[in-house]
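Annotated features in Swiss-Prot:
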{"type": "ACT_SITE", "residues": "ASP29", "note": "active site"}
{"type": "ACT_SITE", "residues": "ASN77", "note": "active site, proton acceptor"}
{"type": "BINDING", "residues": "ASP29, GLU216", "note": "Mg(2+) binding site"}
{"type": "BINDING", "residues": "30-34, ARG42, HIS46, 74-76, TRP78, ARG80, ARG197, 203-205", "note": "substrate binding site"}
Amino acid sequence: MTIQQTELQELPLDLKRELLPKHVAVIMDGNGRWAKRQGLPRIMGHKRGVDALKDLLRCCRDWGIQALTAYAFSTENWKRPQEEVEFLMTLFQRVLRQELREMVEENVQIQFVGNLTALPRSLQAEISRSMEETKNNRGIRFSVATNYGGRQEILQACRAIAQKVQQGLLQPDEINEEVFERHLYTAGISDPDLLIRTSGEMRLSNFLLWQMAYGEIYITDTLWPDFDRTEFHRALCAYQQRERRFGKV
């Protein structure tokens, strides 16, 4: 950690605590491009990306942000080279195993969102263990979107609701936003106030399509492995200058 990074362990004076987003989501883009620029294999970009995420999680905790959601693996990521996918599955499992004790000690509550049944069974076991051992923690809520797709999430919610209607457990006129949200992967998690996307790409990439209806979006050209507290500080400064209207004038 640089001197500048150390200085940012406390909430910067130009940020107002009452105006901080309660929930930040991140699309961690640019690991492969970062590795290519460094003349390294793509997998090294993913390893550095894990370090960047760990620092962001601690930064959110240090600065009083209540929730962080990270887009770790999309439903489309299965189309990547098999070697890279297998590495990512192994990396997720290893990081969970190595970091769980520290997460428990730091009062982090871990939650995974997505179609988890399609993941390797060994990874599913680590995911279940991490959620079970941190379920009573009341610090920052850390959600990891894994095998997640926004369209698929909405479709599965519709199917689940339709099945309840068919079974007579729910009446059509009882279906509202609250009922719908209870059937999403993110049930019980507040909508993000701020979505940060790295690497300069300007799209949602099938991430939190329902939940981002009124969220603010911040795009940075910085590649994910280079995203640090200084970059996060810039994102929060930009967020605090915006006026959130939630569809109102």
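Backbone N, Cα and C atoms are what each Cβ position is placed from, and that goes for glycine too.
Worth saying up front: this structure is predicted, and the values here are computed from it rather than measured.
Feature map: annotations from Swiss-Prot on the structure.
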| residue | record | DSSP (3 states) |
| --- | --- | --- |
| ASP29 | active site | coil |
| TRP34 | substrate binding site | helix |
| HIS46 | substrate binding site | helix |
| THR75 | substrate binding site | helix |
| ARG197 | substrate binding site | strand |
| LEU204 | substrate binding site | coil |
| GLU216 | Mg(2+) binding site | strand |
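Of all the binding-site residues listed (GLY30, GLY32), GLY30 sits in the most crowded Cβ setting, with the most other Cβ atoms within 10 Å. Between TRP78 (substrate binding site) and ASP29 (active site), the C-alpha separation comes to 16 Å. Geometry remark: HIS46 (substrate binding site) versus ASN77 (active site, proton acceptor), CA distance 13 Å. For the recorded positions shown (ASP29, GLU216), fewest C-beta neighbours within 10 angstroms: GLU216. A distance of 17 Å separates the Cα atom of ARG197 (substrate binding site) from that of the residue listed as 'active site, proton acceptor'. Within its own chain, THR75 (substrate binding site) has GLY114, ASN115, ASN147, TYR148, GLY149, GLN152, ASN206 as residues 6 or more apart in sequence whose C-beta sits under 8 angstroms from its own. For GLU216 (Mg(2+) binding site) paired with GLY32 (substrate binding site), the C-alpha to C-alpha distance reads 26 Å. It is 12 Å from the Cα atom of the residue listed as 'active site' to that of ASN77 (active site, proton acceptor). Looking at GLY32 (substrate binding site) and the residue listed as 'active site, proton acceptor', their Cα atoms lie 13 Å from each other. If you draw a 10 Å sphere around the CB of TRP34 (substrate binding site), it holds 24 other CB atoms from the protein chains shown. A gap of 14 Å separates the Cα atoms of GLY30 (substrate binding site) and ASN77 (active site, proton acceptor).
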